[in-house]
Amino acid sequence: MDEKTKIYDITIIGGGPVGLFAAFYAGMRNASVKIIESLPQLGGQLSTLYPEKYIYDIPGYPSVRAQELVNNLIQQMKPFDPTVALEEAVQSVEKQVDGTFEIITKKDTHYSKAIIITAGNGAFEPRRLDLPEAEQYEGKNIHYFINDLSRFSGRRVAVCGGGDSAVDWALMLEKVASSVSIVHRRNAFRAHEHSVNNLEKSSIAIKTPFIPTEVLGNGDKLTHITLQEVKGDTTETLEIDDFIINYGFVSSLGPIKNWGLELERNSIIVNSKMETNIPGIYCAGDICTYDGKVKLIATGFGEAPTAVNNAMNFIDPKTRVQPMHSTSLFE
């Protein structure tokens, strides 16, 4: 059987942190594993949206940079050499007569005995700055992602938004930029209390309650933004080198909603085995829901082994759901 028609034990749809850990764990269970990821690189939102952000709620790490966590997860799964298919968005999943699954992407067709969906919040894109002239500066010095902090070294930066990402980005930029302003339409930020406390103690100029109403530039780059006080008459113009927008992201399940899975809002319903309503399809991470679900990376790390162990039992009912401890596997 060649690679095109090989039937894998477990195919993981979604190469974010939970998918990477699921691949490692499936490797420990001696499963043949394939990861299918729609983005050009592994890591999901951590690599694409927040590679420079620090994460503080991962067990064993007082803090860890998002991309560092992804790199460690990739390194962890490497001994088991899972097959990785990048830039392939899954369009459909069909159960075959023999009980295996046919997984069709825009590029290829894959086959698997079981599937674990770890697609996070599904397809996502940023909410954009809805102002005339803004679009022409996107990709120049209006940004929706921060992939490399060093590019802002010595520059005057304004960050727009009031959530965790906006506040965290502002705090990180303070260390490298010549000046940082944060613009939010409300007086109170929605970010974690600890981050807001750090913001208030920092040198960052806090512009609240203001919204941007105009962007000005020379056609090649943005040079100024005009701010308007919410429910007030005060206006202010900032001279800046970079404008970072964090209004959040719009996500959708995309084709997943057509796969016959039982859904609740934009999440896939699972039972205590992380099993969907379709036998052989499991979920882990933010994509799934159940009573009492908490959406954290740490939660997904716990769900992934449950999904893998039950998937292995589905493939071969003689296989133990409760595995040996990892300390005995690597001796």
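Numbering starts at 1 and runs along the chain as it is shown here.
Backbone N, Cα and C atoms are what each Cβ position is placed from, and that goes for glycine too.
Here Swiss-Prot flags GLU37, GLN45, TYR50, VAL90, PHE124, ASP286, THR327 as FAD binding site. The Cβ neighbour count for ASP286 (FAD binding site), using a 10 Å radius and every protein chain shown, is 26. For the recorded site, ASP286 (FAD binding site), the DSSP three-state label reads coil.
Counting other Cβ atoms within 10 Å of each Cβ, the lowest count among the binding-site residues TYR50, PHE124 belongs to PHE124.
Each of the binding-site residues GLU37, GLN45, VAL90 was scored by other CB atoms within 10 A of its CB, and the lowest score goes to GLN45.
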